[in-house]
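Peer 1: Take this structure, written in structure tokens, and hold onto it; I'll ask about it next.
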Amino acid sequence: MTSWSATVAPPLSPPSSDSDSDSATTSDSHHHRHSDLSSTIFKSYLEHSSGDHNNQQQQQHDLIKIQSFLTSSRSGALSCLICLERIRPSDPTWSCSSGCFAVFHLHCIQSWGVQCSNLAAARAVTRAATPNDSSLLWHCPKCRVEYSKSQIPKNYYCFCGKLPDPPHDPWVLPHSCNEICGRPLKYNCGHHCLLLCHPGPCPACPKLVKSKCFCGAVEDVKRCGFKNFSCNGVCKKLLDCKTHRCSETCHEGNCPPCKAKGIYNCQCGKLEMKRECFDRFFRCENPCDKLLGCGRHKCERGCHEGDCGDCPLQGKRTCPCGKRVYEGIACDAPVSVCGATCGKMLSCGFHRCPERCHRGPCIETCRVVVTKSCRCGSYRKQVPCYQDMTCERKCQKMRDCGRHACKRKCCDGDCPPCSEMCDRKLRCRNHKCPAPCHRGACAPCPVMVTISCLCGVTHFEVPCGAEAEQKPPKCRKPCRVDRLCRHASNCKPHRCHYGACPPCRLLCDEEYPCGHKCELRCHGPTQPPLPEFTLKPKKRRLTNQTELTPGSSCPPCPQLVWRSCWGNHVGAERMMVCSDRTVFSCDNLCGNPLPCGNHYCTKVCHALVSSTSKLYGSRRPESCEECTLPCQQERKPTCPHPCPLRCHPGECPPCKALIKRSCHCGSMVHVFECIYYNSLSAKEQLTVRSCGGPCHRKLPNCTHLCPEICHPGECPSPDQCSKKVTARCGCQTLKKELVCKDVQAAYRSNGTDPKDVSRNQYGLGILPCNSDCRSKVKAAEGELQHRKSKAPEEKEPETKDNVTKRRRRKGRALEDKKTSTLQRIIAGIKRFLLFVIVIIALIASVYLGYKGLLWVSDWMNEAEIQRQRRYSRT
């Protein structure tokens, strides 16, 4: 296919989807293969074509036919319609150049033409005709175009017909001479095909010529193959009436009849009617009724134009039989009969009328008795002349098909062609011959089977019956089957294929109910395997379609987790598989809340009676112990006073105890009732605790008291204190009263936090020393910083459980579980009775099963005896 680039050299493009190369090849090997430029050539033909829409469709059909031939030839899919064998590149071929351009083996088409010509000669002989070469026709097996006997191919030529016996070259299109085609193009444009020697029809002429539209008003440059075009304007050609002009859009061919309407007279002038211009000359249905030249008779002709002519009864007149002539008789006088025999030839063509001269027509049926033979000549009889003679004998001569007798009654020997259907299986073995019954081999099956890849993009056509030996084309398009697993958007795309899609290689990553994710390879649902390529007829078709594989569910979670015991005790966890829901008991105390809701069970970890969501196996659940302690529940609202009742569920009674609360600044103490104070909101508690006086707390940055009213929280604006402070220099020689906030600002500017300054040294070192001060000597002492030491945190002593007391309680619980001797005897009797019942049930089931088997055997024997009796009766 690379030889196409010798004539047209468009830019290189990637191979088309029709390529039959292996889909698993790498990009490097694909780069070194020869490119298929046919798609680019046809694309340029289609893009630069113009003209009528029908012409464009015809051109596109021709180009698709050429490309289909090229694809089939390149992939080795060309098959002969006659023998259904594959056409190899080295086989001599012949192609129909008149219609279908189908390719056949040369020896197959030769035998086909000779056989059809001999059959036509045999038919001509049976009909006593003299055959000649022009009457001995044979037709193309596909398009049925007729050829004469002299046109039976004798030599092997290339597609364009220039080179006999073209050599086989693997780099050249098979059966091609690799030269310019040169065949004259369609529409007799005078140009020749510029493509290389190719199968199929030649495309429309691509040359540019100047051409006028159909009406001749517009001249434009068009492709020669589509030079006839419409300008889409008004035609304006003078119509046949020579009065009006065509108002249709510019069109091909003759203009339509003039549709202009007007008032026109008929040919006799008696009737006026509104009619279209092209139908203005018409005749009415009224008789002429004009007086003839004699002045006595009227014209009996219909509506006509011109003179009516002379009276036909003037001059010489004869009797009705024409034997006697009368002269000088007026045109209105009747002519008498002559009395002789009529003698006119009757309709049979053999006998004459035996009646006397009479007016009017003769009798229609000849009743002369004659001896007639039937058409087949086997029977003779005297019958009236008008009556046809036939016999009931059926013709036993074989018709031209050579398979069926004529069976026509009284056949004259020229038997008609066989009217029955051939209905023989064609060579394709898929269809039956639809033609009338005939002699010789049936015509090849005209059906073309399209063999395509699974997605249908890459395809080629082969004759019906040859598809069993074809291989499907390998498609480079991506597979269109959507994956059903959850990784459909992330899976790597693959090429079009048959069979099942490759399995997903990604991790499942499905989330378990426990929160973990499945780390196995994807095992979700998959599409069913796509059907393998097969066009062979199957003896037994499967009615049930292959269903999709639903996929397997994720296995139980294999992750290792820490699992708690029944009591969810801290430190008693075990490393277990997440999907294993087994619950175990540890040696710690139960710790579950008692019915009182305030304390916890002190028994060993056990299963609760109220728990229904866990399976304990053979372990019997037991209830927790009863609480005997006093109430230790926290009251609501929160109260520090203990409840006077025993440990109980629900809320405790309201607390009436008195509590003391100091004000925010600590100057006084308030006494409240506990339930009253705790029922207040946090804001209300802050309000009632305020003493209403000035705050007695010192500011954090200085030594002065807070100027605000008693308030909760920190004092506001501690760095905006407006009290007076005596500021001194470092040697305490100079002093000056300053506002407290200025002193704090001075400390901060010196890099000292006011909080770190002690009370007795507050304001010291703020003023700068002069020359008389001793601060220069003691400058190092003013730079010392005072830090407060933090008190170490006290650790709460750890409390130890009273192990001895717990052991005593455990011993008492074990003593309560000990059973008496009577209870052990009753339990033994129950177990013995249960064993006896099980033995009796087993014996009864064995006995009943044995009886059932005997009954089934008797029933089967009786059924067999009845069946033998029915067979013996029949």
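Keep in mind that glycine also has a Cβ here, set from the backbone N, Cα and C atoms.
The region 'Disordered' annotation in TrEMBL covers 1-36, 782-815. Per TrEMBL, the feature compositional bias 'Low complexity' maps to 15-27. Per TrEMBL, the feature domain 'NF-X1-type' maps to 189-207, 241-260, 294-313, 348-368, 401-420, 428-447, 485-506, 514-559, 596-629, 639-657, 702-723. What TrEMBL records for 782-804 is compositional bias 'Basic and acidic residues'. Annotation comment: TrEMBL describes 832-850 as transmembrane segment.
How about a rundown of where these features are and what they're close to?
Peer 2: For the domain 'NF-X1-type' (189-207), the model gives a mean pLDDT of 81.
Tertiary proximity for the domain 'NF-X1-type' (241-260) is limited to same-chain residues at least six positions away from its ends with a CB under 8 Å from its CB atoms, namely 213-215, 217, 228, 230-235, 276-280.
Remote same-chain partners of the domain 'NF-X1-type' (294-313), defined as residues 6 or more beyond its termini with a Cβ less than 8 Å from a stretch Cβ, comprise 266-268, 270, 283-288, 331-332.
With a threshold of 8 Å between CB atoms, the same-chain residues lying at least 6 positions outside the domain 'NF-X1-type' (348-368) that come near it are 319-321, 323, 337-342, 384-386.
DSSP places the residues of the domain 'NF-X1-type' (401-420) in helix, strand and coil in these numbers: 0 helix, 2 strand, 18 coil.
Within the chain, the domain 'NF-X1-type' (485-506) has long-range Cβ neighbours (under 8 A, six or more residues past its boundaries) at 23, 453-455, 457-458, 472, 475-479, 521-522, 524-533, 551.
A Cβ distance under 8 Å defines the sequence-distant neighbours of the domain 'NF-X1-type' (639-657), meaning residues of its chain 6+ beyond its ends; these are 595-599, 627-633, 673-675, 678.
Tertiary neighbourhood of the domain 'NF-X1-type' (702-723): same-chain residues 663-665, 667, 686, 689-696, 739-741, 743-744, 754, 759, 762, selected by CB-CB distance under 8 Å and a gap of 6+ residues from either end.
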Peer 1: I need to check the long-range neighbours of the domain 'NF-X1-type' (428-447): which residues 6 or more away from its ends have a CB within less than 8 Å of a CB in the stretch?
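Peer 2: Distant Cβ neighbours of the domain 'NF-X1-type' (428-447) are 81-82, 84, 115-116, 119, 122, 141-142, 144, 399-404, 417-422, 463-466, 537.
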Peer 1: Helix, strand, coil: count each for the residues of the domain 'NF-X1-type' (639-657), based on DSSP.
Peer 2: 0 helix, 1 strand, 18 coil
Peer 1: Tally of helix, strand and coil residues over the domain 'NF-X1-type' (294-313) according to DSSP?
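Peer 2: Summed over the domain 'NF-X1-type' (294-313), the classes give 0 helix, 1 strand, 19 coil.
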